[in-house]
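Worksheet: the structure to be examined is printed underneath.
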Ligand SMILES: Nc1nc2c(c(=O)[nH]1)N[C@@H](CNc1ccc(C(=O)N[C@@H](CCC(=O)N[C@@H](CCC(=O)N[C@@H](CCC(=O)O)C(=O)O)C(=O)O)C(=O)O)cc1)CN2
Ligand code: MET
Ligand SMILES: [Zn+2]
């Protein structure tokens, strides 16, 4: 170590990467569509990185002290780490250049797959709506310092006049998030490869130091979960010790900041504090200031993550400063920072011309949060200089509590009048008989998850409508034409329960937020969900009411086009909360119940309009599950209750479906059972029906549709392949309960592949129905 590292710069753990106008999304999608060269896409990204540095500098992060993070990524930071350490699966070995580098086309291939080569699996990043790519690590994976993008981007910034702080996923987290490569022996876990991986990180640190880096940030969020078995925890303690003993021994290295976002470090804090790293970043939003001295911490610089990287409310700076002050006696020095990367929030409140002025005063997007960090840093130096800013932030919060619409007495009264009976339906058998009588579905009924391809034409029509260039009537006509097409296609293919295809929805959450009171939606508030895909999370700021029916006209129009049952399509309360920025002035459960009541009224209206099947999607049920075991039961109670409150007003004969993606099914199976839906569809094709034994074991005895078509890839599954998956399902799930459906909605797919895949899905279903009938005849 060649410089003073007892003082951390004021900083943020990371910043949005997609660009204020989704510049990176557009550049990447142009490359993928063959409309841009690699050089053009790289050039757009270089420009975006330069703009980001200037912006952060203008907001008060300094240019020369590693205060500005170098944390860009073309797709995902975990994929970046995999490529850096040479952990590219053998099926993609050809995309790695002679020099170890992976160019943008090759990098995109690993992320998105090609032909029969499946991409890396994608899964949720902690308790966020961001998704990372899962590295595949086997006993033979050859780690080496392969791609030096981190060094190149550090140099790029330096040449531009900025000494930045490179950010990498730390080695322990990298292995904890990896999965064993296919063919790994029983009992193998990627963490067993730590000793081979750490020297590569050491090399990277050396290369960064040679390039002039003074600080490097290693993100270790893998340490914040406590749902670990004792044996796992022991192995992770040992891994932390081994990793940071080795990395701090690297000669001439940069100072190390180990960041632990998304929760409290708990038992791993003492372990990290005992290492020789210079600095730790603690999440003081989800986690707490340690209540007693921690051995080793007194020699470290600590970044107090008091600004919430996960929400958009303006911080109560008085309270935040209090936490930093409480931390001071425990550490060598304390700096102000964010709890997580700002990746999960939009760029700039000032870029929202349509948000009400009063609401804007309550909000802090990424840029406002950087300013808050800078204000706190000043307040740490001298509270007097920041007194006005501190008082203003406290005033904004008080004002919010009293503003009209935040509390609506009629909503409060309705909630207060609820009884347990409002969340209970009749027994499943009673419902099943009533539903069989009206629906008369064949065995192994087929359906889809709701959305059909969102074509460029649909999106352009909506954009024109929003700009006033297309009239309401023309917009409705365009969407109805799409519904006609979707219904006709499903009829032709022979699906049993049809959908309208959701063409009118920009997003399954934003659509409802636009129609409910108590929400605001943004114009430019894009947040990366995965790769180039983004969402604009709505802001749930007040009590929720439903001024008018939201889906009835679309659903009844679709129903008028077919004699088959058409499934109404709603997003559930938990998912609406999970994918919005939610008020933090009352328990989430109370907010969820308000949303549930709006959905309950919608279901009543759908029933009254003759819709006899309604799906209430809850793909985020698992996402909001707290990382800490102690908090999980309370969450499962309110989340399940809110779904039931939304659905339990339905008549026995109304078939309620739900849908969940991301098959960590085992973890929430109790909750899924508790939802008491008549039919549940889940993602299963990607994991080749891994969840089926879990379903059987749990004795799940209502309708269940494990997905048989992986919609995350353009690949068309063959009928034989789907038949094989169905046979696995039939092996453990009673045909009385088994449904046939894709893994998820089809909105990100094109029509050609969708049609071909669904055709194969129906052929496979007919084949399996045939063999079931033969089996029944033989008995
Ligand atoms: N909120 C949410 N979270 C989720 C999911 C989800 O569906 N919703 N699914 C899971 C996976 N995540 C996903 C996240 C985003 C997308 C996605 O497709 N996003 C679209 C944007 C969707 C949208 O808001 N569309 C708007 C705006 C579309 C747009 O970009 N319009 C153009 C103009 C139209 C054109 O010329 O194409 C523009 O504004 O510039 C609309 O359709 O109205 C994208 O990034 O491309 C898919 C999956 C988990 N989390
Ligand atoms: C992310 S779950 C998506 C469910 C929704 N009904 C759709 O089909 O798109
Ligand atoms: Zn889904």
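Keep in mind that glycine also has a Cβ here, set from the backbone N, Cα and C atoms.
Curation plays no part in TrEMBL annotations; they are all automatic predictions.
Look at TrEMBL and you will find 10-328 tagged as domain 'Cobalamin-independent methionine synthase MetE N-terminal'.
Taken from TrEMBL, the feature 5-methyltetrahydropteroyltri-L-glutamate binding site applies to 22, 23, 24, 25, 124, 129, 533, 534, 579, 623. Summarising the environment of residue 22 (5-methyltetrahydropteroyltri-L-glutamate binding site), the number of other Cβ atoms within 10 Å of its Cβ, over all protein chains shown, is 16. A coil conformation is recorded for residue 22 (5-methyltetrahydropteroyltri-L-glutamate binding site) in the three-state DSSP classification, outside any helix or strand.
Among the features that TrEMBL reports, domain 'Cobalamin-independent methionine synthase MetE C-terminal/archaeal' is placed at 444-765.
The feature L-methionine binding site is assigned by TrEMBL to 449, 450, 451, 502, 617. Proximity of residue 451 (L-methionine binding site) to non-local residues of its own chain (separation of 6 or more, Cβ distance below 8 Å) is seen for 499, 501, 502, 505, 508, 745, 746, 747, given in sequence order.
In the three-state DSSP reading, residue 450 (L-methionine binding site) counts as coil. Under the heading L-homocysteine binding site, TrEMBL lists 449, 450, 451, 502, 617.
Taken from TrEMBL, the feature Zn(2+) binding site applies to 659, 661, 683, 744. The Cβ of residue 744 (Zn(2+) binding site) has 449, 619, 659, 661, 683, 707, 711, 712 as same-chain neighbours under 8 Å, each 6 or more residues away in sequence.
The feature Zn(2+) 1 binding site is assigned by TrEMBL to 659, 661, 683, 744. Secondary structure from DSSP puts residue 744 (Zn(2+) binding site) in coil.
Around the Cβ of residue 712 (active site, proton donor), a 10 Å sphere holds 20 further Cβ atoms from the protein chains shown. Following the DSSP three-state reduction, the secondary structure of residue 712 (active site, proton donor) is coil. Residues or ranges marked as active site, proton donor by TrEMBL: 712.
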Additional residues surrounding Zn(2+) 1, by Cβ distance to the 659, 661, 683, 744 centre under 8 Å
449, 619, 660, 662, 681, 682, 707, 743, 745
Please check the binding-site residues 533, 579, 744 against ligand 3 and give me the ones with CB under 6 A, sequence order.
744
Long-range Cβ environment of residue 450 (L-methionine binding site), under 8 Å and at least 6 residues apart:
499, 501, 502, 508, 567, 569, 615, 617, 659, 745
Among the binding-site residues 124, 533, 659, which residue has the largest number of other Cβ atoms within 10 Å of its own Cβ?
659
Can you give me the same-chain residues 6 or more apart in sequence from residue 24 (5-methyltetrahydropteroyltri-L-glutamate binding site) with a CB-CB distance under 8 Å?
17, 18, 44, 45, 48, 74, 532
For ligand 1, which among the binding-site residues 533, 579, 617 have a CB under 6 Å from it?
533, 579
Most crowded position, judged by CB atoms within 10 A, among 449, 661 as binding-site residues
449
